[in-house]
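As written in TrEMBL, here are the features:
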type: COMPBIAS; residues: B:1-10; note: compositional bias 'Gly residues'
type: DOMAIN; residues: B:39-251; note: domain 'MacB-like periplasmic core'
type: DOMAIN; residues: B:289-401; note: domain 'ABC3 transporter permease C-terminal'
type: REGION; residues: B:1-21; note: region 'Disordered'
type: TRANSMEM; residues: B:38-60; note: transmembrane segment
type: TRANSMEM; residues: B:285-310; note: transmembrane segment
type: TRANSMEM; residues: B:338-361; note: transmembrane segment
type: TRANSMEM; residues: B:367-391; note: transmembrane segment
Amino acid sequence: MSATTLAAEPAARPAPERRPVVELSGVHRRYPGTPPVRALDGVDLRIDSGELVGIVGPSGSGKSTLLNILGTLDRADEGLVRIDGLDVGKLGDGQLSALRARRIGFVFQQFFLTAGVTAVDNVADGLLYTGMPLGERRRRALDTLERVGLADRVHHRPNELSGGQRQRVAVARALVGAPSLLLADEPTGALDSASGAAVLKLLHELHDGGTTVVVITHDHDVAAELPRQVHIRDGRIASDEKAGGR
Amino acid sequence: MSAGRPGSGRGDPAPSRLRPRDTLRVAASGLSARPLRAVLSALGIAVGVAAMVAVVGISASSREQVNQQLRELGTNLLTVAPGQSFTGEEVRLPPESVDMVDRIPAVTDVSAIGAVAGAAVYRNDEIDPGQTNALAVNAARIDLLDTVGGTVASGRWLDEALAEYPTVVLGATAAELLGISRTDGTVGVWLGGEWFTVVGVLDPVALAPELDSAALVGWPAATEILGFDGSPSTIYERSDEAAIEEVQALLPATVNPEHPEEVAVSRPSDALAAQAAADETLTTLLLALGGVALLVGGIGVANTMVIAVLERRTEIGLRRALGATRAHVRRQFLGESVLLAGLGGTGGAVLGGIVTAVFAATRDWPFALPLWVLAGAAAATVLVGALAGAYPAARAARMPPTAALSSV
């Protein structure tokens, strides 16, 4: 894997036009209980295209709920959620599925690769629900595996890959549909530090290539490497810092 | 279908779509991930389907055997026998009735036997006259064997010469009861107070089973030696297949113009066909038992699917995250259930076919398995699979994606 394969022609990339990919305004999410759990308690957040953002917080802070809302796996009780310009509250279940199929990519802590299925087919599954023919899905999966530096592992099954490689397959699966938004939930959580660093490097390279990436993590060291860090605590945004540089 | 480039994704995204082939592929992958479980739960269906296919197959083979026998024997044989008079007296057919039947244009063959009154057959002259074994002594015309389609098991049939002499051909049962197996002319039986030489033994005659327990002597010998009056007791007649009903209507008046109502005409092949049809009640019962087995198999599939949905919450969540709609998830599990049942159904159909083939082979029956059975088995398994999968699939589809993903 190298940065040159990912951002092969950085000069040719047009200057990114900033437009919001995520817009949250006054978002509340409560879970029933006594007393009710206020998982999100009035969250306002805007993430523009091409950003690499870390959402940081301890467990129980509401960051997983936020991930679910950003990924349209869950709905807000109150407030406005716009993903890629679409008002999620007004979309039906089928339309949300379409949004996930074509505009959002997920990376999970536990990878969630299908056992016994080769890397290329695992990645091709990222396009399964777009209705694309299998041949085309595989072709794009091969390209994407090359992008994440696994060109020599395409026919390996998950149990033949290291943890870091598995997570890169999972990243490729999220990436294969060229999503507007890549959501990574503790992507380094199940990895040793070296593999974790490699995965983070990959996410940085994707960001350099123009992909909008949101990393949810409880790990401040991971967050410290990201250009923008949104700290969340008790369902509220405690701070939103942009590091200089990028 | 579009895989929009980053930043180009404005407007409503095109709907999620799972191609039918992919639905099938996804459904099959769920089974291939746990092959042993799939095979075991398919086995339940297989047993049910195999039972049903075998029952129908065996019954069809048995019917086919009868049909084949009828084709070989012909269904154009009619028998004419004296019936009863209005007052219940025994009536007799006139001696010339055989010739009269022969004059019906459509009739191709005619023959007859005549009961020899007062005659009985014994192994030797020491036997108590009461021990008749219910064997009949009949005078037989020499064209009898061809007309009824009988065959000789050993020895020979009566010819012109033998028919003049005290010789006898025994039906299969008669030979067995008398303990006669040699037909080389060295064995005699005590028949009507005379020694008759056994010249032949017949195979069982399917269309004229009454001949099996008869001792047949030549018409002239019966008349001369046993005092037979020449009155036929049964006339056997074959005609053109197309003219059977016409002949059947003509026979009573031809045989006995004065009292046509005293003549009984019957078609022996009807009895064979009726016998085959009688099996159907049992077939229906066995079929119902097979249906119960299929139902139990279906419950096994439903059980497997319920467990699969519980175990695969994560997979369901992942698929929802990848863009599957509820309908896609439902179709996946429904497809899996139908495939599972279909797997069992196919195995069961093959198994049932093998059972039928083996059973038919051991009985020398022709192998017959109607196509509708296979079509019915296929339809039944699809139905069972769909019913068994409906609830688990609906449950999988209803599962919220967050619950599915957070369960690990």
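Just so you know, glycine gets a Cβ as well, placed from its N, Cα and C.
Ranking B:285-310, B:338-361, B:367-391 by CB pairs under 8 A with the transmembrane segment (B:38-60) puts B:338-361 at the top. Helix, strand and coil counts from DSSP across the domain 'ABC3 transporter permease C-terminal' (B:289-401) read 98 helix, 0 strand, 15 coil. Confidence across the domain 'ABC3 transporter permease C-terminal' (B:289-401), taken as the mean pLDDT and rounded to a whole number, stands at 92.
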